[in-house]
Structures are given as C-alpha cells and as structure tokens.
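S.K.: My questions all concern the structure below.
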C-alpha cells in the first residue's frame, strides 16, 4: 500500500511540473514582444533548455544512483521553481537564458530520477502500466496547462510563471515529506545508454543507422515547428494568449486521443514503419499548408489536427526500436533520447534565424526536412523482422 501511495505522489509531482511548464506557453509571445526579443533569440532560448538537459542528464543520472532518487528529485523541483520565478521577474534576455538553462538542469534531475524511482517501486508485472501512468500524467499536464495559462494571462502576463513556480515548490515539499527512498533495483546511468566508443560503432550498423537518422530528421523538423508555434500565431495572425491556449489545448487533446485510441490498433494492422511514414508526410503537408491560411477558424482547425501526426510518430519510433533492439534495449533507448535531444537543440536555432528573415520560413524549412525524412523511410528503411 505504501508503494502505491508513493507512486501516486510521483505521478502528482510529474503532473504539477508539466502543468507548470505548459501553462506558460500561451504568454511567451507577449514576453518576447515586451522585451523586443528576435526570432533568433527565441530559438536560442528554446535550444538552451534542451542543450542543458542533454549535457547534464548523464551526470544527474549517476548522482541519482550514488546519492539516491529522492534527493535528486527534490533538488530538481526546487531548481524548476526558481527557474520559473526567474523567468517571471526577468527583464532582460540574459536573465531569461539563465532561467531556461536552470529549467533544463531541473529536467535533467527530475525525469531520470522519477523514472528510476517508479522502476524501483514496481515489478515486471505492473511496471509497464506504472510507466504508462507517468506518461499519462505528463500528457494531462500538457493538455490542461495552456488553458489555465490563457486564463491566468488575462490577469497578468507574468502570473503563469509565478503559478508554475508555486506548483514546483508544492511538489518539492510534497516529495520531502512524503517520499521515502526506494530499494534500488536498476541504475539510471547504465553504460548501455551512454554514447561510448563501442556504442558509436554500433550506431553505424545498418539495423540502427537509418532508424536513428530518421529519428533525428523527424525530431529536427518537429522541433523547428513546435518551438515557434505560439510566436508564429501571435506575429502573423494576432492570436491572443487565450487563442493560443485554445489551439494548443485542443490540439493536445485530439493528439492524446489519437495516441490512446488509434495507435495500438493501427500498429497491429499496419505496422510501426507505415505509421511513421504516413504521420511524417501528413505532418509535413499540414505544416506547409498552415502558412497559406489567414482565416482564424481555418488556422484553428489545422492546429487541432496537426498534433495527431506528432503524437503518432513518437510512440511508433519507440515501439519499433524496442522490437529491433533485442539485447540492446539500453543502447536503443539512449540513442533515441540523444538524437531527439540533439534535434531539439539545433532545430529551434535554425528556425529562429529563418523566422527573422520571414515568418513563414521556419515552417517551409520544417516541411522540407520532414519530406526528406519521409523519402528516407520509403526508400532506405526496412523492417528487419520481415527480412
């Protein structure tokens, strides 16, 4: 019973954090306009979060193994709270950079430690379900966060950041007083998940190379689109924080529905590779089409359905890798995370530079990159299970 109680506490903490992360999304354009930050500046700000998380994740993973899951989770929650507070009071781009980098450090602390904590508390029988609940908590936080952020923004554009900081503190104190260190049965920083020399050689084997190339290209294109979603609608169409909140929340809800209801039966019937191919070209077409739309309701309609592609690509890639990896599950998972994070660093930077040239250029770029990924999946990627 105690383990079940602690699992619920972990789910609640993850939910609060991702609620806090997503409720600030609708007001980011207002902050950028207020401080006169360029598209390139937004790109670098977005990339700084992913870059810091990418760099520090191996070290925080080892720290969770050495010092315990609880202390790293609590530390990450406090850092998250401080980063949101700093962004809320920041009056210069330098302060915002420090805030985003601290946010990336917080993510590097929280996610590996919480995942390992859940693994330590569960058995082989109920582990998949428990990790699924963690994903559901993350998705639910992302779904309702923008809506709450849009409402709070009507009171003040900085208020969502202060609420996010408060949620981080609430989760931190909950972890301090209610979590107890589990008995470790796994290590976060296992060698198989690291980019070592032997793993680097394995990367270029045919079974993995094309898969990771597609992961990088598709994540690259998606990051270029997603990082400027709010700012694009704000600058081109004059969307308010409430409008942006409706677009993101509606899209997230429909995307979550597709992931929960459609993914499993589609996978059984068509296979992961076909889902990836269709989702990539579907997303590329909609990303390109959205640049020609000027009607409020047409843009909102596309925003609602575009996330279906995003939310089918990611689990399809992860599932495909798990099937082909065999005894290299740690390697496959680590490389999947590495290339996704690398794309999340590079994609927003290039999109930001293009945004300053023309508002539509990041979306043209994203669509082109996704089309390249589609052709690679069609002409070069084969399922080894059917060989």
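Placement of Cβ uses the backbone N, Cα and C atoms for every residue, glycine included.
Just so you know, TrEMBL annotations are computer predictions that nobody has curated.
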S.K.: Quick one: sort out which of 299-317, 318-336 is the transmembrane segment according to TrEMBL.
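M.R.: In TrEMBL, the transmembrane segment feature sits at 299-317.
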S.K.: With a cut-off of 8 Å between Cβ atoms, can you find at least three pairs linking the transmembrane segment (207-232) to the transmembrane segment (275-293)? Only pairs 6 or more residues apart in sequence count.
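M.R.: Contact criterion met.
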S.K.: Please check if the transmembrane segment (101-119) comes into contact with the transmembrane segment (7-28), where contact means 3 or more CB pairs closer than 8 Å and the residues in each pair are separated by 6 or more positions.
M.R.: yes
S.K.: Using a cut-off of under 8 Å between C-beta atoms, tell me which stretch among 159-179, 244-263, 338-355, 361-381 contacts the transmembrane segment (71-89) the most.
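M.R.: By the under-8 Å Cβ criterion, the transmembrane segment (71-89) pairs most with 159-179.
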S.K.: Can you find at least 3 Cβ pairs under 8 Å between the transmembrane segment (131-153) and the transmembrane segment (275-293), where each pair is 6 or more residues apart in sequence?
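M.R.: They do not touch: fewer than three Cβ pairs between the two stretches lie under 8 Å.
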